[in-house]
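Undergrad: One structure is given below, represented as structure tokens, and several questions about it will come after.
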Amino acid sequence: MSIPGLGQIPSQPAAPTTRTITLQPFWEWRFEVPHTLNTSSSSAPISTTITSSSSSGSAASANTPTVRLVSGTAERDGTELAQNRAYALPRNCKSKILTYTGAVLEVAGPACDGYVARCAAPQDSPQLAVLNLHFALRARRQAASAAAAAAAAGHDTGGGGGKASVAAAPSPVPGPRVMVCGPPGSGKTTVVRTLAALATRAGAQPLVANVDPAEGLLALPGTVSAAVFGTVMDVEDAAGGFGVSATPSSGPSAVPVKLPIVYYFGREKVEHDAPLWRDLTAKLASSVRARFAADEAVRETGLLLDTPGVTVAKADMEMLLHAVREFAVNIVVVMGSAGIHAELQRRLENEKTTHGEAITLVLLEKSDGVAERDKEFMKFAREAAIKEYFFGDAKRTLSPFTQSVSFDDVAIFKTPDETDFYDVPQGLEPAEISAEMSHWTLAVMNASVNDPPETIQQAPVMGFVAVADVDEDRRRLKILSPVSGRLGNRPMVWGRWPEPYINLVG
Ligand SMILES: Nc1ncnc2c1ncn2[C@@H]1O[C@H](COP(=O)(O)OP(=O)(O)OP(=O)(O)O)[C@@H](O)[C@H]1O
């Protein structure tokens with residue numbers, strides 16, 4: 001800057017506020033937004049064509065990096081970006097924007113790390129196998145639909161008013177039931193999310209289920225859950241549309257909400273209570289079957305199942321086999337582990353599903369873009385999910401209710417403390433309410449307070465509340481809940497996972 005009379009005042013060169021990123025087909029822009037952003041500088045280590053320009057004219061907030069698709073087509077994990085709309089890149093997020101056709105992106109706002117992953121030809125991209133898998137599943141879905149139509153036509157005409165017309169039509173075989181498994185951090189959830197989004201884009205309605213309690217699907221961590229994905233997912237969600245913000249709440253939602261069925265495990269790892277996990281996954285599978293029976297479009301699309309990270313250890317393999325059997329899985333996708341693939345192949349080669357189908361195994365290459373998420377990243381993601389559940393996010397603010405209740409007016413059960421035992425059933429025990437309970441989230445169960453503990457433990461979750469404060473002297477609890485209403489009518493469960501969050505109200 002030059003001020004007349006004062007000469008040249010040295011100044012910092014203006015940092016670029018907008019970067020243009022040009023992607024060829026099958027290239028990815030891989031980005032990482034930290035959970036705290038330095039908004040004072042916007043220099044970014046992006047290994048791509050960087051041009052400087054003024055504001056993009058988008059909805060870019062000064063505090064949030066945004067990405068805008070200027071031309072071409074691009075998507076985040078299967079969900080397309082609309083052209084010329086600025087999407088906020090969520091905090092604490094590691095992900096990618098991929099193009100099949102080529103695209104120009106404009107990234108604006110505070111710095112976030114990112115680089116372009118180039119590939120010489122589509123066949124060099126690990127994404128091609130995912131795309132091919134999607135087309136193979138689509139063919140199977142069409143076959144399931146045609147078989148169901150033929151069976152229905154045969155049933156209508158075959159009886160001719162005779163005995164056959166009185167008999168019930170056999171229940172049609174659902175579309176493909178796909179389980180995605182592999183070592184921790186191999187890109188399982190990303191593949192499930194991508195296949196779900198691609199199916200939805202093709203007009204199908206996949207049932208997506210998660211049996212990994214470490215992270216939640218449309219629910220807080222510590223749960224196993226399932227939901228129909230018949231509508232677009234939110235690309236601005238850190239969890240790419242699998243987060244709690246995609247569920248019904250008292251506020252408006254940017255994308256159509258999904259209605260999950262949720263069971264509460266209350267622990268991080270399956271081995272902390274394998275018998276309970278088996279029971280809950282069996283219950284979830286039974287809900288999936290019920291949904292298939294009731295909804296033709298969902299049945300014909302089938303299931304996409306996300307699983308916990310595993311090794312070839314016997315206990316892990318048995319856990320996966322349990323899921324295969326319960327969900328009548330007929331396609332097992334193994335991410336980046338020839339060892340797990342070989343072991344499952346050996347164990348499943350003579351198995352048939354309950355519909356009499358052979359089980360197909362597919363080994364997919366792990367993308368070199370799968371990002372490492374350390375303990376701090378995962379902790380922040382859990383905290384953010386809890387906060388978002390009660391208070392909403394940048395796009396919708398929720399106002400939770402705070403209630404003060406007497407110790408005597410609530411029924412709280414506790415998951416016993418962590419044990420190293422793998423196969424010993426762990427029941428629920430009545431919780432002794434104390435200050436130790438402060439800042440924990442409790443699951444509100446769809447059961448009666450008079451039900452036996454086993455029934456309560458295996459009931460679906462209605463929602464969650466957070467214990468804001470415990471006053472032992474006055475024997476009162478301060479509880480934060482997303483809706484108003486008496487809490488004493490339903491039993492609540494105090495699990496071991498997710499761990500306590502910082503004071504939500506103080
Ligand atoms: N090609 C890619 N480029 C950039 N980031 C990616 C890519 N693929 C996956 N990721 C990111 O890597 C992280 C881990 O991926 P993902 O959650 O799919 O792995 P996972 O196997 O399900 O992990 P876990 O075993 O912990 O459940 C996620 O943040 C995801 O968005």
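Glycine residues also receive a Cβ, built from the backbone N, Cα and C atoms like all the rest.
TrEMBL does not curate its annotations; it predicts them automatically.
Take a look at what TrEMBL says about it:
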type    : residues                                                     : note
BINDING : GLU28, LYS94, GLY185, SER186, GLY187, LYS188, THR189, THR190 : ATP binding site
DOMAIN  : 174-354                                                      : domain 'AAA+ ATPase'
REGION  : 38-64                                                        : region 'Disordered'
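Tell me about the surroundings of these features in the structure.
TA: Applying an 8 A CB threshold to same-chain residues 6+ apart, the list for GLU28 (ATP binding site) reads LYS96, ILE97, LEU98, THR99, VAL116, ALA117, GLN127, GLY369.
Confidence across the domain 'AAA+ ATPase' (174-354), taken as the mean pLDDT and rounded to a whole number, stands at 95.
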Undergrad: Tell me which of the binding-site residues GLY185, GLY187 sits in the most Cβ-dense spot, judged by other Cβ atoms within 10 Å.
TA: GLY187
Undergrad: Can you count the other CB atoms that lie within 10 A of the CB of THR190 (ATP binding site)?
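TA: So the Cβ neighbour count for THR190 (ATP binding site) comes to 22.
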Undergrad: Which chain-mates of SER186 (ATP binding site) that are at least 6 residues away have a CB under 8 A from its CB, listed by sequence?
TA: GLY309, MET335, GLY336, SER337, LYS366, VAL370
Undergrad: Where does LYS94 (ATP binding site) sit in DSSP terms: helix, strand, or coil?
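TA: The residue in question, LYS94 (ATP binding site), is strand (DSSP, three-state).
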Undergrad: For GLU28 (ATP binding site), just give me the three-state DSSP call.
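TA: Note: GLU28 (ATP binding site) is in a strand by DSSP.
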Undergrad: Suppose we draw a 10 Å sphere around the Cβ of THR189 (ATP binding site). How many other Cβ atoms does it contain, all chains included?
TA: 22
Undergrad: Out of LYS94, LYS188, give me whichever of these binding-site residues has the highest number of other Cβ atoms within 10 Å.
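TA: When each Cβ's neighbours within 10 Å are tallied, LYS188 leads.
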